[in-house]
Amino acid sequence: MGSVPLPPSGGKIRDSFPTMKTNSWSFAQIPSWVSLKAGSSNSNQKGRVENLHLILLTKQGKLKEAQEFIKEMDDAGVSLSPNSYKCLFEAFGVLRSLSDGRFFHRRLDREVKNPWPHFLENSVLQFYCDCASFSDAEKLFNGMQMRSLTTWAILIDALVREGLVNRAFLWLSRSAGLDMSVYVRFLRSLSSPSYINLGKEIHAHLIKAGLTSTVPIDSALLIMYVKCVDLESAELVFQQMAEKDAVDWTALMVGYTQSGKLEEAVSLFARMVNEGIQLDEYVFSIVLKACTGMGCLNMGRQIHGIITKKGLASQVYVGTPLLDFYAKCASIETACQAFKVITEPNDASWSSLMSAYAQAGQFEECVKIFRAIRSVGFFLNPFIYTTIFQACSAMADLNSGAQAHADAIKRGLISYLHGESAMITMYSKCGQLEYAFRAFDSIDEPDTLAWTALICACAHHGNGAEALNQFRRMEAYGARPNNVTLIAVLTACSHSGLVSEAEMLLDSMSSKYGVDPTIDHYDCMIDVYSRAGLLEEALALVNNMPFEPDAMSWKSLLGGCQIHKNLAIAKVAAENLLQLDQGDTAGYVIMFNLYASSGRWKEAAHFRKLMAEANLRKEVSCSWIPIKGKVHRFIVGDRHHPQTQEIYSKLGELEASAFNDSTDLIAEKDLSYALPERKEQLLVHTEIANFGMKDFHFPEEFNVPSSWSSRSMLVILQYQRMLHILGSSALKWVLATISQTHSKSTCYCSWHMVDEIHAWGASAWRDG
């Protein structure tokens, strides 16, 4: 017998073997084959080395070389051992190579006499299960002479893993004495309410088998009932458990939170504290989520105290939910403090901090944070981009939004539909409807959210016809409109005066789209009638709709009365609005403006007095304007801007010229603008400050973002009428801006008013 040459010093045995990839090698090149060919090897040892080498190749994943080696073994008359077959089937199962496995199964039938070794039968069964070929698996299973608990577990686990739980249960019900772990895995696979009946059948089967009252089974049953949203059964299992660990308590708390039973979740947490249950990070994240949903700031603060005592506030998985809780409870300062305590904030922490600032209306801070974390190369998740798009939408900051868009493309994160929908909205709010369409067209498979964002964009730009066109495209595409989509379409109809189209949509919502109209849809229809001047129809709908009118119902009607100067219906709307909410300033302000514009100063003064007595103030307006890469923020009456002196100095110069015997330039239909105090209010309007900022920096060219409402545009227009010295170029700018961003009106401006503005602009243009 020839000796096996040792590898060089430091080498490995496998280095001695020739490569299998050449076509010239033969068994003679392997020293062990010398004895085989000579026929001098012991019969018990014959083929052992060869099978070991085959197993080695298979475990290394060199299946091509292994199959070539098998051919050489066949030529030499060496049979494959059961262990070689086992390794081959394992490899084919990993690769899901069904054809190769079937080939060797047929070979096994020819070469190995029945019964096969049991471990080999299980290996073949596992192979078919790994390939999800359950017809082959069940055929093999039925032909097996011996079925161990492992055999049953292989088939049942595979069926469960592939989601075939009903089929798995048929086999489970035929088994006996299965290991507890099989039932646990089965129960964990039942993760939706549709499996509740099957879960109860398994529960009954376990009771009959005497496997209940064990910690693993009871925990699995509890979690199964929670996932199937059967909290009554979950509570019953929980109460009957002899031993409960933190996982069981937390599972029930999750069930309460997901089902909206937030008080029960907090109460369960209190019981955990009282009974001394170990509290981990996950428990605190769940209870904080419950407190967030309840808006219970005091309870959250108490939990914060427990977290601090346990030294967990610095842990990211506790600090982030704490930050989110304070943010949603409008406690932005405490939210920021919670963030600062986190030792290693992750992307979710930064995302929550940005959301906190966005919820507080501090959109500039969102942009600052985004730029800061981006500059240091921190990982940015899709939710961060969604937040930055929303912040840029609110500020109409096209520059920052476009930069974020480019960065998301660079990082490959733009394919997330939710972020793309926010991006569509961002471009729309920045006055770039064309870019909004481009963003939509870049989505491979737009969902309902993306279609809704595009329809809202068209509505926002006053293009109701295009919104309806996109809605029809959405239907043709096969996307199903939801509640919000239909609100967007009705809003588009409202802004464009498409009354009949809105009526048909409202009437067909239930039958055609399966969406039952809500109070929001009826409020939109009231707005459609009101803007179109059909105030009697609007009032009739308010009185006859299948819902009690809410504040928005009366405000929509009241807004239409202001547009069309209908005092009679306005009185009815205002009275009902103030009965619902005496703190709503809209009723007071609109009625004051209506009476003032009609010259009825006594009645106007009455509403102003009512506001003063109720200590009510109109919500302070805020506007943003991006200039040279920086966003400037203006609040009514605020003079804290670094360039306040220059801005208001310029406005003062223009005001002095405009109001010098020029009251005839004031809108005839709103006599309240003739009041000296109204002139002063006009000059401190946020959009006028923006306008002054524009005039200070960009006297020739400027584009107003569509986030400025048409009410704001009317203020600008009134201002320009008074500042006639700006000349025809300014009028061209105003009319072009209105045409671009407020075609057929948005916000509080009626589509009739836009036509009136254009008509006035044309005459003023001609008059020079």
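Heads up, the Cβ atoms here are built off N, Cα and C, so glycines get one too.
Just so you know, TrEMBL annotations never went through curation; they're auto-generated.
Within the model, the repeat 'PPR' (245-279) shows a mean pLDDT value of 91, rounded to a whole number. For 245-279 (among others), the entry in TrEMBL reads repeat 'PPR'.
The repeat 'PPR' annotation in TrEMBL covers 346-380 (among others). Outside the repeat 'PPR' (346-380), and at least 6 residues removed from its termini, the chain residues within Cβ reach (under 8 Å) are 316, 319-320, 323-324, 326-328, 330, 332, 335-336, 339, 387-388, 390-392, 394-395, 397, 400, 404, 407, 411, 413, 622, 624, 631, 633.
What TrEMBL lists as repeat 'PPR' is 447-481 (among others).
Sorting each residue of the repeat 'PPR' (447-481) by its DSSP state yields 27 helix, 0 strand, 8 coil. Summarised by DSSP class, the composition of the repeat 'PPR' (346-380) is 26 helix, 0 strand, 9 coil. Helix, strand and coil content of the repeat 'PPR' (245-279), in residues and according to DSSP, is 26 helix, 0 strand, 9 coil.
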